[in-house]
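Trainee: Got a structure for you, written out below as structure tokens; questions coming shortly.
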Amino acid sequence: MAPCFGILFLAFALGGLLQDAGGAAQPGVGQTSARNCSATPPYLPPTAVNTSLRLQALRKEMEPLNIRAYIIPATDAHLSEYIAERDAGHTWISGFSGSAGTAVVTQGKAVLWTDSRYWTQAERQMDCNWELVRASYIDSIADWLIQELAQGEQVGFDPFLFSIDTWKAYSRKLDPANRVLKSLPYNLIDKVWKDRPAAPSEPITKLPDSVTERTWQMKVEEIRQQMRKNPYKPTAVLLSALDETAWLFNLRGKDIPYNPFFYSYTLLALDRIWLFLHPGRVTKEIEEYLDAGCQSANCTQILSYEDVRANIVNYVNVTIGVRVWIGTEYTNYALYELITPEEKILTSAYSPVLITKSVKDATEQRALRKAHVRDAVALIQLLVWLEESVPAGKETELSAARYVEEKRSMQANCVGPSFATISASGPNAALAHYSPSNETNRNLRVDEMYLIDSGGQYLDGTTDITRTVHWGTPTDFQKEAFTRVLMGNIDLSRLVFPAGTRGINIEMLARRALWEVGLNYGHGTGHGIGNYFSVHEWPVGFQSNNVPFEKGMFTSIEPGYYQDNEFGIRIEDVAVAVEAETKFGWSYLTFETVSLVPYDRKLIDASLLSREQVDWLDRYYRQIRKELVPELEQQGLRKERDWLMRHTEPFTPAGAGLALPSLTLVGAALSALSLGHLL
């Protein structure tokens, strides 16, 4: 899944279209898909939402609080990537359903800030009550507030929806200008959203023992050991991100789309454990599992989710010598502001739980690999079916997405998709975060490239894989672009690097072959992935705020290229950092690819590949055969087995020219980066 600022989103890139009889999207007569607020009368597409009464109700709530502006971020109290429908207040108030954006409402104006991925979507979903600012930086929002508000006037916000860093960023700009940032005791949108969806009530479940190596008691002790060794002597760790509590207790839920999490906080002290959630969702079995109700250090005290602030205040004020350790990336300001004075708090970018969770133990690694074997079967079933059915002209982006999700659902331990499937044909694939809808759906055609980016949630792992294919005759440019994307994938995948190297310092290898001919891509190169967890699992990856690589970390590797209004290419594999054998050194790593689907041979120009790249490709194809042939045979999928054998024929050395120099990739990296930067 193409990462961009660590988030995946639905894009209604070609909305406001009508379906023809064959399912292909065609423009409606006399109709455009975006609003036109300067026309007389203003034109609004059918996808726009009327927000007049909603804004009126919100402004009425702002008046008695003396709030001149109200900020509405697109997140929840846990700063989650995906949020439940009940937390999408920014969508309810503006009509805009993109996952990245910030709305600001004053008594006279309503403005949305979002980045370039969502400009078209916003113009199709918002009515003329709203202005769109084509930017996403906090500085841009703060500058606008300074211009709109007089000195001394207040800007309200829900502290649960602000990260610590977000609050600091606004404060740095607004405080010197004497515009007052005011933390409010309740969310104003929730107060006026009369038909807001109810809180989830499904019971929380625990992971099967077969996919867990460490019990929750072992994990608790592991974190406590880190607390004891920390020179700043924290007395407790506060866990705010939903995956932190889920990982610590080996529990899962269904509160968030695509992610098996449940609303929760944890305060883990050296002598006590407090778990904050909705108690009605805890079965007797889970109570016994958590040793709930007793008073020893290894018993879990289950408290109400809404009481987290009161209990933190009590702990901070009553406990002697208290120091609470938090990770600033995922702790909201509502909790942070309670821990005073400053000497009672210890901060790091990520909590010890997120750092510990990022390295998979042996059982987790084995389970995640097995999940990828079954997942590959489902994707191969899709590719075989499309190869046979697309020439008939009846299949669409949506039918392909439904087919792969159906095939995944039939695999053992599958509990659903890990994100909204990106099924994109022709120009739709040029939008990196596109997902098909009834309005944008296109027929699949043999003369267009097709990109499928999909993944599954399994009890033993999370998957995410992208393949780009062509059923007809690709152009020379399409073949070269695809091959150079593949070269970048291989170059990064086969790199040998010192343990502790940061992803940002090797990421350029995925772009090298593209850069050489003046091509590039505008999203990140990879993200961490979990075991029945988030498909974007922080803090692993290739961005500047990701942690250094260690053995046992899983990441996606996904370079791409996108030709506007024509086609898109992305190749995405999940890989694990493993020990590398070197002639002289020790403590070196490389990546081992665990995704197991061959690349489209028709799109590969082997003359561009170096000898090392061809050798890597042949080894990878041998591994695919080793892992998948037995699985396909066991499932009785003979046609898919035969397809796999044809598509994993080796690339012989004679078929691979050496247009690129045959050199070690470490040397290539060092030609662009100093050794100090790599380390």
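Residue 1 is the first one shown; counting continues down the chain.
Each Cβ is built from the backbone N, Cα and C atoms, and glycine gets one as well.
Curation does not apply to TrEMBL; its annotations are automatic.
According to TrEMBL, the protein has these features:
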SIGNAL    1-25  signal peptide
DOMAIN    54-176  domain 'Creatinase N-terminal'
DOMAIN    367-576  domain 'Peptidase M24'
DOMAIN    588-651  domain 'Peptidase M24 C-terminal'
Trainee: Express the predicted model's confidence over the domain 'Creatinase N-terminal' (54-176) as a mean pLDDT, rounded to an integer.
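Mentor: Per the prediction, mean pLDDT sits at 95 for the domain 'Creatinase N-terminal' (54-176).
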Trainee: Summarise the domain 'Creatinase N-terminal' (54-176) as counts of helix, strand and coil residues per DSSP.
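Mentor: Counts, helix then strand then coil: 56 helix, 28 strand, 39 coil.
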Trainee: Please spell out the DSSP helix, strand and coil residue counts for the domain 'Peptidase M24 C-terminal' (588-651).
Mentor: 40 helix, 6 strand, 18 coil
